[in-house]
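Features as listed in TrEMBL:
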| type | residues | note |
| --- | --- | --- |
| DOMAIN | 161-333 | domain 'SGNH' |
| DOMAIN | 341-663 | domain 'Acyltransferase 3' |
| DOMAIN | 778-941 | domain 'SGNH' |
| TRANSMEM | 29-51 | transmembrane segment |
| TRANSMEM | 58-77 | transmembrane segment |
| TRANSMEM | 89-107 | transmembrane segment |
| TRANSMEM | 366-386 | transmembrane segment |
| TRANSMEM | 407-426 | transmembrane segment |
| TRANSMEM | 472-494 | transmembrane segment |
| TRANSMEM | 501-521 | transmembrane segment |
| TRANSMEM | 527-547 | transmembrane segment |
| TRANSMEM | 573-595 | transmembrane segment |
| TRANSMEM | 622-644 | transmembrane segment |
| TRANSMEM | 651-669 | transmembrane segment |
Amino acid sequence: MILRPVVTISTAIIISSEIKNCQILSSKFVGYIGDISYVLYLVHWPLIAIFPPYTVQNYLFLIVTTFLVSAFLHHIYEQKYLTLEWKPTVLLLTVLILGNGFLQINIRREGFWKHDYPSDIQQIIDTNRAQLPYSWSHEPKRFECTEEKIEEQIEDNRVFGYGSCIRGNGNFSIMMIGNSYVMSLRNPIRTQFSSNYSDFRYISLAAGYGLYSDTPTSHLSLEISRKNVERYKPDVLFILARHSPSIKQPIQEDDQRVQEMNINIKFYEKFVKKIVILDAVPLFPLGFVDIFLQNVVHRPEALESLNLDRRIADKEMKLAKKRFSMLKCTKCQETFRMRKDIQCLRGLAISFVLSFHLAPNLFVNGFLGVDIFFVISGFLMAKNLTSLDLMDIHNILRFYYRRFRRILPMYLLSVFAIVIMVHLFLPDFLWENNNRYSLASLFLITNQLVIHDQADYFYEFLSASSSMNAFLHLWSLSVEMQFYLLVPFIFLGLQFLKNDYLKITASLFITVFTFIGFAMILDKFAFNFMFLRLWQFSAGFIALFWIKINKSKLPEKSETEKKWSSPINQNDLVIMALSIISLCLLPSVINVLFLRPVVTLATSFIIGCEAQNVQLLTSKTLGYIGDISYVMYLVHWPIISIFLSSGIKSYIYCIILIFVISILFHHLFEKQYLKLDMKGIFPLLLLLISINAYSQYSVRYDSFWNSTYPAEVQKYVDANKAQLPFSWALEPKKDECVKEDLKDNSIFASSNFGYEGYGIYADSYWSEKALNISKTKIELHKPDVLFITAKFDFHFRQLQIWIFRYPPSLRDSITENDTKIEQMNDNIKFYEKFAKKIYILNSHPEYRMNFMNLFLRSLLTHPDDLESLHLNRIQAEKQMKNVKKRFSMIKCSKCHFFDLSHVFEENDKYLTFDRDQQLSFVDNTLHLSVAGLKLCQSDFENIAKEIMGSM
């Protein structure tokens, strides 16, 4: 509107001026182009249209060909016919007119012009042409929608569609407004509702953008759309449009387009319950099918060049997306914006968890995949709740319904399947603990049962990762479900804050203070307690509010106005964050109090960046693993805990089984129940709860599940079970020892979280407490002989005994002026004041938690693998090396070190069971069993004789 009249007037001025001394207007080259300009104008476009330029070579070819053809026709034809008199000219025109007439008839009737293509090319052409002119003209269900006469005054050619589709059997109504995109997306979206709606209407108008208008036509379309929304009051309103170029113009302060959209959104919100808006989509060229087929036939090697450049397309959509992000709407939801990066993060998280559970000694940090899930959950819950008015209790109830609808059906089916698997494939002595955890899982309090079991030092094996507890992994889902119950009330409080800056500040405070609590509280408790995990969920809140703040900012006026540009862009930072997350796969232990917050913040940063061009976060494979990650998390641990053995074939079998079952459950059950409405979900949940209740009763009281073993095997099982729970509970002379009250309120009588009495060393708050109590009692009783023993309890009459399990920190490398050695020497010096002799048990091989159960299971199901349960002597001694070296550096004149490991030695192994009697030397709690203690009896006799002979 500005340039056209300016160019027109400028041309008129130049012509009227008759300038003779302007160099460009006297150029021979420009003048020659003017001479051939008529021919050049006629031939240039056919050449460009037929041979479109997609490469530099094509551009050069077209330019050269256009000028050559123009020059040739100008000299050979144009200049010649201009010299003819009127009679030859009339004759020439007659021949050309008749020739064109014949050609028009001939190309329509004669088969001469038809092309024969190879069959595969012809099939591609036919398939694509079958999609023309529009997708909606070929839909199988297009006849289910009826066109109606529009009441408002508008030309028929501006109405693509107006009417309603057959009524459904649901309880909510749907309306679609917009331009031709409504017709394109009408039935594909409607099909997904499976008739679970009451009424379905659509309005598809030329320049119908639904939210704004920028021409008289679009203004009329907007008015018609508003009137129909007010008339029919749909429960759900879809606004589906290919948006006008005007929405891609630079955003101004107090942008009029944004204001207009907010006014129309506010109008729609009066009449509808939910608004779904199609975000900006890439702009495809008109006539694309023809361009595509032309390349299929003539330039198949150039087909890839037809795909849109993602960065250019994203740049074109940037301002439109930014305007949408500035909408003020509590009922709106942008559609078709699946966060591929979040799905890929889910894929990474489940891969880390799976790797850790398959090979915990190799992928020692893989358990942090669960922490990534927590951050993602925090972000998604924040995204859902920020668009709701939480002062309305119905919105909170709807939130709970959606969460339970998403989680519970698959969860309850998994619990039922695991119960069956446990009683079919695990020995009966493992049922009791699994039954306890299955019941806790049904009530979504698995994490609380884990806390309860870990609170007792002698029963923490029940909740250890080696316990063959097929329900142990459900602790994290219990934490998540408890978080879902709390989070609406967190956001109810955040809604009172006026802007996103205050909300992100509040989220930051939640993250910092709950992390401090997490770091200070005993790790076994904090690990499973939802309130102390809140900092990871709130890291997801921060990501959401960061996105909202960034989207609310006005874009910079121009790139050229930037004074400085960082050489590191956002994608580089995302890649760095991914590198931090990849530390979860590192085969060496990293301090978890450092790695956990770093991985949490890196995940939050990646989510907040909304990265779209990072290859790892756009991987289809990783995205698909993310899609099935919920099912995979539910099924992977039961399969591993029940079926995994030490062989490579077992690993391959378990991995394949995990993926196959996950894919089947995802497609055949998870995706299907997510399509159900409330009328379908509640009966399904009732059915799943019922079968779980029956299975809980059946496995406890029905004889159907009882296992029978051969008599010899049963004898071995009974003999080993007779050694449980602890060796000292079975001693003939245990009644000769009387348990006394410790009389120290600083130690919890019923809770031993982190409580380790090391005797000569402390490395934590609770071990410091235990050490002080030990020193107090020794000073009080002044024993002649002091035993500091390791890993197991044994009792000598009339001797003081202090229990000592060496901490992993004693295995650290020895440094100059080693503080651990100095501390041990200080405590030994203290003990020497009161005791005449001090006997210290030297370092002993480290056994696996739940070893007895592992041994019995192998005895019953994998007897050929029993030998693999013995400890590798070289590895065990490598673990004990620094501990023994530290003991050798203790300065003590009254100390005697005694070693029990030699009685278990056999060539390159430390034996863990008696081959003849099939008796385990170790119980489930890392202590020696009765059978193991019998091997040590001669050593105990020698020590006792030595003491009695010298006292």
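Heads up, the Cβ atoms here are built off N, Cα and C, so glycines get one too.
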Tell me whether the transmembrane segment (622-644) sits in contact with the transmembrane segment (407-426), defined here as at least 3 Cβ pairs under 8 Å among residues 6 or more apart in sequence. yes
Long-range Cβ neighbours of the transmembrane segment (58-77) (under 8 Å; 6 or more residues past either end): 35-36, 39-40, 43-44, 47-48, 51-52
Local confidence of the prediction over the domain 'SGNH' (161-333), expressed as mean pLDDT: 88
Any contact, the transmembrane segment (573-595) to the transmembrane segment (89-107), with at least 3 Cβ pairs under 8 A: no
As a test: from 366-386, 472-494, 501-521, pick the stretch that has the greatest number of Cβ pairs under 8 Å with the transmembrane segment (527-547). 501-521
Taking contact to mean 3 or more CB pairs closer than 8 A (sequence separation of 6 or more), are the transmembrane segment (366-386) and the transmembrane segment (472-494) in contact? yes
Folded-back contacts onto the transmembrane segment (29-51), same chain, C-beta under 8 angstroms, at least six residues removed: 58, 61-62, 65-67, 69-71, 73-74, 78
Given the transmembrane segment (472-494), its same-chain partners at Cβ distance under 8 Å and 6+ residues beyond its ends are 357, 370, 373-374, 377-378, 381-382, 385-386, 388, 390-391, 396, 399-400, 403, 407, 411, 415, 437, 440-441, 444-448, 450, 463, 465, 503, 506-507, 510, 528, 530, 533-534, 537, 633-634, 636-637, 641
